[in-house]
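Taken from TrEMBL, the feature N-linked glycosylation site covers ARG145. Here TrEMBL flags ARG145, ARG152 as site 'Required for activity'.
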Amino acid sequence: MAAPLKDELDIVIPTIRNLDFLEMWRPFFQPYHLIIVQDGDPTKTIKVPEGFDYELYNRNDINRILGPRASCISFKDSACRCFGYMVSKKKYIYTIDDDCFVAKDPTGKDIDALAQHIKNLLCPSTPLFFNTLYDPFAEGADFVRGYPFSLREGAPTAVSHGLWLNIPDYDAPTQLVKPRERNQRYVNAVMTIPKGTLFPMCGMNLAFDRDLIGPAMYFGLMGDGQPIGRYDDMWAGWCVKVICDHLGLGVKTGLPYIWHSKASNPFVNLKKEYKGIFWQEDIIPFFQAVVLPKDCDTVQKCYVALSQQVKEKLSKVDPYFTKLADAMVTWIEAWDMLNSGETAANGK
């Protein structure tokens with residue numbers, strides 16, 4: 001069977017190590033083009049198993065391609081992955097971490113995570129009215145009694161957020177109090193996150209429609225030289241969700257699962273997250289209250305308008321947010337510079 005969307009999807013992987021983990025994914029990933037974003041020391045050679053079609057970018061490449069605008073791409077943090085979103089020329093992106101392995105479903109069968117993400121993206125979302133049987137487009141499900149017929153067409157799906165078995169994606173304080181906790185619950189469900197509801201987006205098993213939402217998938221300024229880490233995907237998720245809500249797009253979460261193999265060090269994580277944990281108490285109310293101007297009808301316009309509000313409202317929390325707001329604008333400039341031949345992403 002031909003791989004679905006083979007010529008329309010890139011797989012983006014941020015890494016600092018040899019990509020032996022791809023051997024396990026070979027049956028599922030080999031037909032696709034990979035974009036590898038090498039973090040850390042650019043003189044180090046990263047080995048990729050034979051037979052994969054890939055391009056690899058290190059820090060020197062990022063600096064060469066973006067020039068002064070390279071300042072918006074994080075260093076020594078997996079947030080660097082968003083450079084791959086920018087250089088891709090495909091309609092869809094799947095991004096995965098290099099410590100994520102193939103999971104098994106309850107029957108013991110290997111889960112083709114990519115195929116499920118594609119299914120999620122190609123079916124509409126239902127952000128305006130919750131369906132109690134979850135995804136009405138899943139096999140054996142439908143819209144339940146009382147679901148308005150006028151809303152059954154749904155909305156285009158911009159994001160498919162997958163989950164993880166084994167090591168759960170916990171913050172450092174939770175890791176410290178539950179060091180041995182493992183996620184063994186396989187929930188066979190995909191649901192649309194309702195309009196007006198934010199969620200914590202994890203970037204280690206994530207797919208999105210680059211044409212619909214790509215320019216908003218900026219993973220912020222994290223890592224080297226920044227006061228915060230491990231909030232890169234969270235920041236992107238909050239920005240993406242308010243923009244999807246504004247443009248009438250859907251975000252799904254649930255299947256597929258991957259097997260998350262490795263717990264990161266909770267003490268190192270606490271150092272990275274420390275400021276974010278209490279800044280979040282201001283950040284979340286900010287995103288809950290954001291209203292984007294009516295004339296923002298493209299993702300780029302929405303994102304620049306959002307950056308202005310970040311500067312206005314969050315700079316008083318910490319000067320870091322002034323820097324982040326400026327980087328958000330730089331990111332859009334860099335995106336447009338590399339993608340000027342394409343039509344502007346407009347959520348349509």
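Including glycine, each Cβ sits where the backbone N, Cα and C put it.
A TrEMBL annotation is a machine prediction, not a hand-curated record.
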Nonlocal neighbours by CB distance (under 8 Å) for ARG152 (site 'Required for activity'), same chain, sequence gap 6 or more: PRO136, PHE143
Neighbour count (Cβ, 10 Å) for the residue listed as 'N-linked glycosylation site': 6
